[in-house]
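Student: Please see the structure below; I have some questions.
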Amino acid sequence: MAAGIVASRRLRDLLTRRLTASNYPGLSISLRLTGSPAQEEASGVALGEAPDHSYESLRVTSAQKHVLHVQLNRPNKRNAMNKVFWREMVECFNKISRDADCRAVVISGAGKMFTAGVDLMDMASDILQPKGDDVARISWYLRDIITRYQETFNVIEKCPKPVIAAVHGGCIGGGVDLVTACDIRYCAQDAFFQVKEVDVGLAADVGTLQRLPKVIGNQSLVNELAFTARKMMADEALGSGLVSRVFPDKEVMLDAALALAAEISSKSPVAVQSTKVNLLYSRDHSVAESLNYVASWNMSMLQTQDLMKSVQAATENKELKSVTFSKL
């Protein structure tokens, strides 16, 4: 507590000195930060395999400092989600969540499309041919499979680091489950999104029906997409709020996604990860509950040294990239 009081006093003294300095007339302060060359950095950094991430269905690279790039890596199968994928995604994002050096993540698909969704041929033995003949036991078995598959995308949402989905080509079925668990979605002009499950005789059960209404805020449109399995093209996805930006092609989109990840990773990890936690809490709770939650959260987070470092950089017109924040 004493350390927090000392930090608060130092921050107050710093602000007082800056506010009364001659180059800040009228006791006003601007927190405008100069732009960062994230775009150049994103496109100019050679990719390297990330240590401790070796998978069959995924490729994980260190795109740049503090940024990991996770690729769905079954291009010959249109990145279809086989049994190995469902296990490896959980393993991958559990590691990322614990990786103190990682501050932002980009997810994309290798090859010609983001993903064709569930690999039904690979998973047929588990889903369509359960063992036994007792209805209750078969039901419990299938429920266990469903909840494990749900966790594959829950770990993305629960990951404290912001996750950016970069979609090109088709994003079908399970792909929509995946991207709606991400924090930010970019897409290329050739992208389309399809809630495909109704065409194969089932209801989507690993996240789309729960997250998509919250993402786009239009229940009528969600119902239309889920009942018909029609394609939502890139421009409609932008207009509905499913994605925040559309780019001419995959290459430009990936550069932009990595640039955004670099910009996010230049900020205080305490601030960014606290923001993600509170945004997710606020999505599922009332305004009053969420205000109480963030007050309890920030009663400790306001004591971070990152606050003083960020304010000092702003008052000196320095880029946050020049500030060294400790790992989190």
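In case you wondered, yes, glycine gets a Cβ from its N, Cα and C as well.
For LYS231, the entry in Swiss-Prot reads N6-succinyllysine, with the evidence type similarity to another entry. The feature phosphoserine is assigned by Swiss-Prot to SER268. The N6-acetyllysine annotation in Swiss-Prot covers LYS327 and rests on similarity to another entry. The site 'Important for catalytic activity' annotation in Swiss-Prot covers GLU197, ASP205. For 1-26, the entry in Swiss-Prot reads transit peptide, with the evidence type sequence analysis.
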Student: I need the most crowded of these modified residues: LYS231, LYS327. Count other C-beta atoms within 10 angstroms of each C-beta and give me the top one.
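Tutor: By the 10 Å Cβ neighbour count, LYS231 comes out on top.
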Student: Fill in the CA-CA distance, the residue listed as 'N6-acetyllysine' to SER268 (phosphoserine), as an integer in Å.
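Tutor: Cα of the residue listed as 'N6-acetyllysine' to Cα of SER268 (phosphoserine) measures 9 Å after rounding.
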Student: GLU197, ASP205: which of these recorded sites has the highest Cβ count within 10 Å of its own Cβ?
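Tutor: That would be GLU197, with the highest Cβ count within 10 Å.
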Student: I need the CA-to-CA distance for the residue listed as 'phosphoserine' versus ASP205 (site 'Important for catalytic activity'), whole Å please.
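Tutor: Checking the Cα atoms of the residue listed as 'phosphoserine' and ASP205 (site 'Important for catalytic activity') gives a distance of 36 Å.
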Student: Counting across all protein chains shown, how many other Cβ atoms sit within 10 Å of the Cβ of SER268 (phosphoserine)?
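Tutor: For SER268 (phosphoserine), the 10 Å Cβ neighbour count is 22.
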Student: Between the Cα atoms of ASP205 (site 'Important for catalytic activity') and GLU197 (site 'Important for catalytic activity'), what distance do you get, rounded to the nearest Å?
Tutor: 9
